[in-house]
Amino acid sequence: MPSPFPSPADTGIIPGLDALSILNNAPIGIFSSTPQGRFISVNPEMARMCGYESPKDLIDSIENISTQLYVNPEERISFLNILKNMEGNSPFECSFLRKDGSSFQASLIASIIRDHEGRTLAIHGFATDITAQKQAEAEILSQKEKLENIAVNVPGVLFRFDVLSDGKYEIPYVSEGSLDILEILNHREDFFLAFLNGIHAEDRKAFLDSIEKAVTEVRPWRFEGRYLKPSGSTIWFSGASSPTRHEDRIVFHGIMLDVSNEKQIEIKLAESEEKFRFLVAYSYDLIWTIKTDGVFSYISPSWKNILGYEPSNITGTKFQPLVHKEDVFLCEQYMEKTLFYKKALPGPQYRVKHADGTWRWHEGNINPVFSENGNFLYFVGISRDINDQKLAEEALLKAKEQAETASKAKGEFLANMSHEIRTPMNAVLGMTHLLMDTELSEEQRRYTENIQSGGKSLLTLINDILDFSRIEAGKMHLELMDFDLKSLLDDFKSTMALLANEKGLDFSIRIRPETPLLLRGDPARLRQILTNLTANALKFTQNGEIQISIAVEKEENQGVLLRFTVKDTGIGIPENKTDLIFNKFSQVDTSISRRFGGSGLGLAICRELADLMGGKTGVESLEGKGSSFWFTARFERTQSAEQDQRPGPASNDSQKLAHGKIPIPQFTGRVLIAEDNDTNLEVAKGLLKKFGIRADSVTNGLEALQSLENQTYDLILMDVMMPEMDGLAATEKIRKQELQGWLPDNVIPGTDLPFSFPRKKTPIVAMTAGAMPKDRERCLEAGMDDYIAKPVHPDELSRVLAKWLGGVTPDDTFDTSSGAFLYLPEENESSHLSGIKSFPVFNRSALLSQLMHDEDLFKKIIKISIGSLFLLIQELQAALETDNGPAVHLQIHTVKAMASSINADALCVLAKKMEEAAKDGDMDTVRKGVAALEREFEKLCRASGKDL
């Protein structure tokens with residue numbers, strides 16, 4: 001079969017050794033191809049350029065030049081059309097594909113070989129790789145575009161100014177900015193003349209002189225002057241250029257800018273500096289500058305008037321000798337701080353030496369000044385004499401300390417007075433209570449009731465004085481809890497209605513229908529105000545009625561302002577006395593106090609409590625026709641009707657332990673009473689006996705310790721002040737002995753414990769006449785669990801017995817279904833730690849089931865786990881103190897794992913949340929969580945105590 005390609009003879013190719021040598025060694029690609037798109041021959045450079053190993057490899061591989069060699073097949077069609085329509089060789093640029101798929105730019109020069117009839121036989125040509133050339137051209141084009149963009153967008157006029165060798169000049173280039181700034185077209189032949197004519201007449205000669213000097217000396221040109229635009233406005237311009245020597249000329253490339261705004265600022269700055277010099281000269285402040293070496297470089301004239309120094313005598317000296325030696329470091333530290341922040345900061349107060357040798361207090365600021373390149377230059381400072389102010393502050397501080405000392409003495413006096421009165425009052429009220437339970441004649445009962453009434457009045461007076469003292473000292477704080485207003489009023493009514501009935505008065509409480517009943521606030525303080533106002537109404541009303549009404553005063557976001565009104569038909573108040581009635585120790589007249597008694601503090605306390613609750617107080621009254629006392633208080637609305645109704649004999653305040661009326665609750669357990677006062681001891685023993693409690697007694701702390709060596713008690717009632725060893729010291733020793741007696745095996749004895757363990761911990765209740773908040777704090781810090789104030793009321797004693805002998809404490813909620821304590825987060829606890837209320841503290845049955853009900857193994861696991869958890873919490877606290885993040889995360893993770901293994905679900909969930917916070921780097925939340933972790937651990941110990 002004949003070859004479809006023409007022979008070399010047909011194509012005009014002359015074979016020969018010389019031609020072959022040229023072909024093989026040519027530095028450019030040489031090719032011959034058919035019109036149909038097959039290579040006839042190629043040289044090695046052509047094959048290499050296209051990524052093939054040899055000419056044969058290229059010829060054999062390319063069957064269709066259009067689709068296999070050209071990136072765009074259309075380019076070959078265009079190339080062939082150009083060849084057909086042009087005579088001779090024709091250059092053509094295109095993109096070729098290499099064997100590996102990459103591409104390159106090629107330049108082709110080729111011609112068509114035709115036969116005698118004009119038919120195309122072959123295409124001979126040369127190919128050159130022009131990729132690098134194209135990239136260079138693109139880079140040059142890009143740079144040119146950038147320069148053009150800069151010239152167009154630069155905020156000024158770019159120009160070239162040529163000075164020829166014969167002294168003539170020409171301006172071959174001016175940027176388009178000339179039209180905007182100078183209002184001259186950039187391509188004008190007379191551009192320089194037009195610009196020269198616009199220069200202000202006063203500046204023109206200086207402008208020409210500056211050019212002549214720059215040309216003559218071949219040095220950079222700088223000039224600033226005024227220019228009048230053709231439109232009539234005048235601007236300030238600034239020009240600058242640098243020269244370059246050439247064979248036949250000197251070329252200046254430069255720029256001109258509109259600096260009108262800067263010039264205006266400069267003028268204003270000069271005016272401001274002049275004003276500053278004037279102000280400095282007549283200022284009452286000290287103004288100065290200090291160099292880097294601490295030496296004054298400028299001193300204002302005011303130094304002469306304020307400190308008595310001549311400025312010339314201070315300039316050039318160091319500042320330290322003028323500053324008190326105790327304040328030098330403070331000033332140096334302040335200066336370093338301003339350097340660090342590179343700005344002025346509020347300055348310290350320090351003492352400066354006056355020329356007369358005295359020391360004066362000054363206060364001032366300094367500002368560090370830096371050069372354009374950021375190097376520190378000097379400080380600028382300003383200070384003012386505050387000596388009179390400082391002396392006044394010291395006098396005020398001294399007066400404040402004296403007032404605080406007086407207030408402390410007052411508080412201590414009230415506490416001591418309370419203690420001294422409450423101790424015998426405990427005996428009086430306690431004995432009368434016990435006496436009234438015996439068989440008495442009518443006359444004896446009347447005498448006893450009078451004794452009890454007088455004692456209660458005295459106790460009320462003491463409480464009023466202490467309450468008002470706390471309010472005045474700002475130590476009265478409101479509790480925030482959910483309560484049912486109707487339940488509170490029902491309970492309140494059951495007490496007050498009885499007192500009203502005894503006087504033959506009608507008593508009623510009316511609640512408006514729109515009044516919300518489920519509230520959040522302080523029910524105890526609300527009841528205290530109602531009690532005070534109602535007690536007043538009962539005191540001053542001999543016949544008629546007392547009516548209490550409650551209504552909504554104002555609806556608020558998430559809350560409500562309620563108005564409470566206590567209306568009576570009593571003696572009333574003169575109109576000119578109503579403004580004084582709420583003042584402390586104030587009564588209508590002295591005869592009122594003699595006839596009805598009272599301290600004059602009750603209404604003042606009501607006013608202060610209402611104010612604490614976001615409300616007000618007031619009264620409307622007519623003498624002889626009764627009074628209407630009212631107050632307002634703010635409460636939050638609650639979303640649920642469920643209230644915290646705890647079981648126990650003391651849960652309802654309306655249930656009074658009155659003789660012969662309500663059954664007295666009975667308890668089981670053995671109680672130790674530590675009390676040195678014989679009367680108080682008999683009262684306590686008598687009340688406990690009525691509650692069914694077997695009680696032993698001792699008279700001091702040492703005897704209490706001895707009793708505990710021989711007998712286990714369910715509760716200790718501990719007087720605080722006793723001879724030989726007081727109640728606080730005795731409690732601390734008891735707690736230490738308890739700890740040493742059952743410390744887990746893996747805890748080293750003598751370890752400083754961050755909290756107490758409840759197992760084998762006998763509840764200790766302080767029984768004291770101290771009534772101040774600090775008294776309670778001291779008792780709790782010593783390790784006591786609760787606090788009951790003297791004189792001991794049966795209701796309060798019943799509450800304490802129910803709390804500590806009944807097995808449920810206010811700090812825990814008991815889940816009867818699982819026998820596990822549930823975790824309740826504290827009010828101030830982070831929201832990150834919330835959401836675990838529903839998890840049991842300890843699921844005993846689940847763990848016992850996991851251990852196949854092996855009780856011995858169960859107890860062993862619990863004991864080991866409790867000890868390990870204790871150590872882990874200690875190590876967690878140590879890691880937090882040293883900010884050791886990895887250790888914090890490890891300890892929390894280990895707590896979580898161990899809690900999970902023993903089914904301590906609440907502890908596990910809490911640790912998990914703390915672990916998440918630790919992962920996020922939120923150490924504040926972790927620190928807040930430690931307190932919750934300790935509480936949860938204590939609850940775990942209580943829940944598992946019987947198994948240890």
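We number each residue from 1, going along the chain as drawn.
Including glycine, each Cβ sits where the backbone N, Cα and C put it.
In TrEMBL, annotation is done automatically, which means it is predicted and not curated.
Annotation source TrEMBL lists domain 'PAC' at 90-142 (among others).
The domain 'PAC' annotation in TrEMBL covers 221-271 (among others).
The domain 'PAS' annotation in TrEMBL covers 272-342. When pLDDT is averaged over the domain 'PAS' (272-342), the result is 85.
Residues or ranges marked as domain 'PAC' in TrEMBL: 346-398 (among others).
Per TrEMBL, domain 'Histidine kinase' is recorded for 416-637.
Taken from TrEMBL, the feature domain 'Response regulatory' covers 670-805.
TrEMBL lists Asp719 with the feature 4-aspartylphosphate. Taking Cβ-Cβ distances under 8 Å and a sequence separation of 6 or more, the neighbours of Asp719 (4-aspartylphosphate) in its chain are Ala674, Glu675, Asp676, Asn677, Asn680, Gly727, Met767, Thr768.
The region 'Disordered' annotation in TrEMBL covers 638-659.
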(request) For the domain 'PAC' (346-398), give the DSSP counts of helix residues, strand residues and coil residues. (result) 12 helix, 27 strand, 14 coil
(request) Just give the helix, strand and coil counts over the domain 'PAC' (90-142), going by DSSP. (result) 12 helix, 30 strand, 11 coil
(request) For the domain 'PAC' (221-271), give the DSSP counts of helix residues, strand residues and coil residues. (result) 12 helix, 30 strand, 9 coil
